[in-house]
Each structure stands twice: as C-alpha cells, then as structure tokens.
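Q: Sharing a structure below in structure tokens format, with a few things to ask.
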Amino acid sequence: MRIAGRHYRTIALAADGCSVEIIDQTLLPFTFKLRRLQSLEDAAQAICEMTVRGAPLIGVTAAYGVALAMRTDPGNASLRRAMTTLGATRPTAVNLHWALARMSETLQPLAPGARAAQAYAEAWAIAEEDVRCCEMIGRHGLKLLQALAARSPGRRLNVLTHCNAGWLACVDWGTALAPIYAAHEDGLPVHVYVDETRPRNQGAALTAFELGAHGIPYTLIVDNAGGHLMQQGQIDVCLVGSDRATAGGDIANKIGTYLKALAARDNDVPFYVALPFSSIDWSINDGLAQIPIENRPAREVTHLAGLDERGRRIEVRIAPTDATAANPAFDVTPARLITGIITERGVAAADYAGLAALYPERSEARRAGA
Ligand SMILES: CSC[C@H]1O[C@H](OP(=O)(O)O)[C@H](O)[C@@H]1O
C-alpha cells in the first residue's frame, strides 16, 4: 500500500533479476529500509528473525528462498535442503508449508537445468495470487463493514484489530486490514483501535505505521484495554488475521487473539477473521490439538526495543535479571467464538460446511482422502 503517497509491496524481485528485495520490518516504524536476499540462508534468516513476518508473506519469502537455492544449485539434494531449511523456520503459519509444497510439486518433475527459471516464475505467481486474494478479501470485507456502518449512521465505524494483519503481513493490501483500506477508498468513515500486541509489538510498530502512512485514523491501545472498550460500546467489530485455520474453522493467530474473541463474545461484538485460501489447513479439524504453536525467545518478553533520545535503536530490560519468561507466539480461537471468516471467495461461517461451500474442490479432495 502507500507510504507518503508512494506505492510499495513488502517483497519483490530486485532489478538484478535474481536477488529478492524486502522491507526490513524489524526497523519499522522508525526506519524504512529495503534489504536484498541473495541466498536460501538469507531467506531463512529473514523469516526466523522476523525481518519479514505475517503468514502470507512468510509463504512468499519461502517460495523465493527456494528460487534462490535453485539459482545456486538446482540439484535434488539442494531442493531437499531448501525445503528442510525453510520448513524449519517457523511452525505455525501454514502458508509457509503450503508454499513449499507447491514449489516442490512444481520443481520435482523438472530437469535441474529448468528449475531456477520455473522457481522464480512460481514464486512470482504465488506473490501475485496473494495480492489478488487480499484485494478480494478487502472487497468482501467492505460489504460487511458497510452493513455494520448502516446500523450506526452519522458516526465512523470503530474497528479493533490485533497484531499486524495488514499489507506488511502480506505482499499488498493485507487480510484483516484489507477491508479497512477498501472502506477508506470507498469513503466509508472508519477508525481503528490498534492493539500494541506484546511482546513483539507488531500493532504499535507495524499496524500503526501502515495505517498512519495511508492516512487512516487509528488509536493505539495496550492489549488489555480492548475488553474494556468493548464493554463501553466503543468497538463495533473486531477484525483479525490468521496464521492457520482448520477445516472446522478454528484459527491460530497472534497471542492474545483468543482473549479478544472471548471479550467480543461477552459483549456481543462481531468477531471476524480474514484469511486467504493459503492459510487454511484442510488436513486438520481441531486447532487446539493440532496447530503447532511457536515458542519464541524469553528475551522478547523481558526486553523492549525502541529508540533512545538520540534516535538510536536500543533494547531495555523490563524484568529482573533472574526472571524466567514464557513466550508462546500464537493462540487458538475456537470456531464457536468467530462470527465469520472473510476469504477471497466471500464470507463463510466458521465451520466446515461454511468453508467447504466456498472451496468445494477442497471438500471433494478431502472426501477422496487427499
Ligand atoms: C495475515 S497473517 C498476519 C498474522 O501473522 C502475525 O504473526 P507474526 O507477526 O508472528 O508473523 C500475526 O499472527 C498476524 O495476525
């Protein structure tokens, strides 16, 4: 989306036609810097260190990571190593594993000499498909926001979102924020309450940055304020993203999402999840039992990163030196707490019947045992 009026995407093939250009999201919101991925290892490191993050973007980065590996060595062992290296980066976002499976299916049958060009072409196709999906999520979500706005004429619609599920989590548009961008472009007055989203603060650092850069009004809040605002009638709808949805409509998303869904249910606030088809894991039904939850370093909890008064990026400790910390990066929101799932094909009830109706080809494959 736009930054100071200029259109950007989070990832693209560089002008040299082989390296991959990404926005370094660890430096936002204070520094906007592009980095070049030159190798499989660069791509894997960027995913692990969250230089790029967000389920769709992780998938696209992994796809380009395979292309970078094939440019260096298109042999079978190199292809297997690329799959293993990238597959081990982050466990929760199914888009990573979906993209790797698609790259493997595309490249395995080819002679090694043909793999590099096809790998770049497939990675590009995955990226373009993600842009189209997210734009369509925006269009379908806009209709939903328009219907909600009609219930409160004469005032702006107040949306709460958690973490960053905007264009910075994808290639463009975003998932949970795509309807916000579509509403803004459609002239629908909308305001966003942005959860800071401890401990990595993707809300404070990324969602606030991208909404502000696009001219969309927002208010940053601490994670624990959302329930209070819902009790006060300040939130019309919750819109969040997802790293993995089950065929039954359970969703894994950034830690704290589940608590927001509980508060939304208790206050009759509609709770919608926005996601593309590549975030649905059709092989599982029970999110709590089957979605792997990433545990990240304790330092992310015991320390905070920011700028000192001279504009230098520093980290400060906020807990005792002997503190132990747990850092589950995601939680699972059961389908029963979800009002609906906004996809590129429309809005589905958060259950198997609803998702299968939007993706009949998947339900047939599932019946056939694929
Ligand atoms: C559109 S997927 C965005 C999703 O990814 C985030 O996780 P992370 O920043 O750790 O990659 C978060 O769960 C967002 O909702």
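Note: Cβ is positioned from N, Cα and C throughout, glycine not excepted.
TrEMBL annotations: computationally assigned, not manually curated.
Bear in mind that the values here come from a model prediction, so they are computed numbers and not experimental data.
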Q: According to TrEMBL, Arg53, Gly54, Ala55, Gln202, Asn253, Lys254 bind substrate; which of Arg9, Arg90, Arg299 is also listed for that site?
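A: Same substrate site in TrEMBL: Arg90.
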Q: To the nearest whole angstrom, state the Cα distance for the pair Lys254 (substrate binding site) and Cys163 (site 'Transition state stabilizer').
A: 6
Q: Work out how many Å separate Gln202 (substrate binding site) and Cys163 (site 'Transition state stabilizer') at their Cα atoms, rounded off.
A: 5
Q: Should Gln202 (substrate binding site) be counted as helix, strand, or coil on the basis of DSSP?
A: helix
Q: Could you check the recorded positions Gly54, Arg90, Cys163, Gln202, Asn253 and say which one's CB has the fewest neighbouring CB atoms inside 10 Å?
A: Arg90
Q: So which other residues, same chain and not among Arg53, Gly54, Ala55, Arg90, Gln202, Asn253, Lys254, have a Cβ within 8 Å of the centroid of the Cβ atoms at the substrate site?
A: Ile58, Thr92, Ala93, Cys163, Asn164, Ala165, Ala169, Gly241, Asp243, Ala329, Phe330
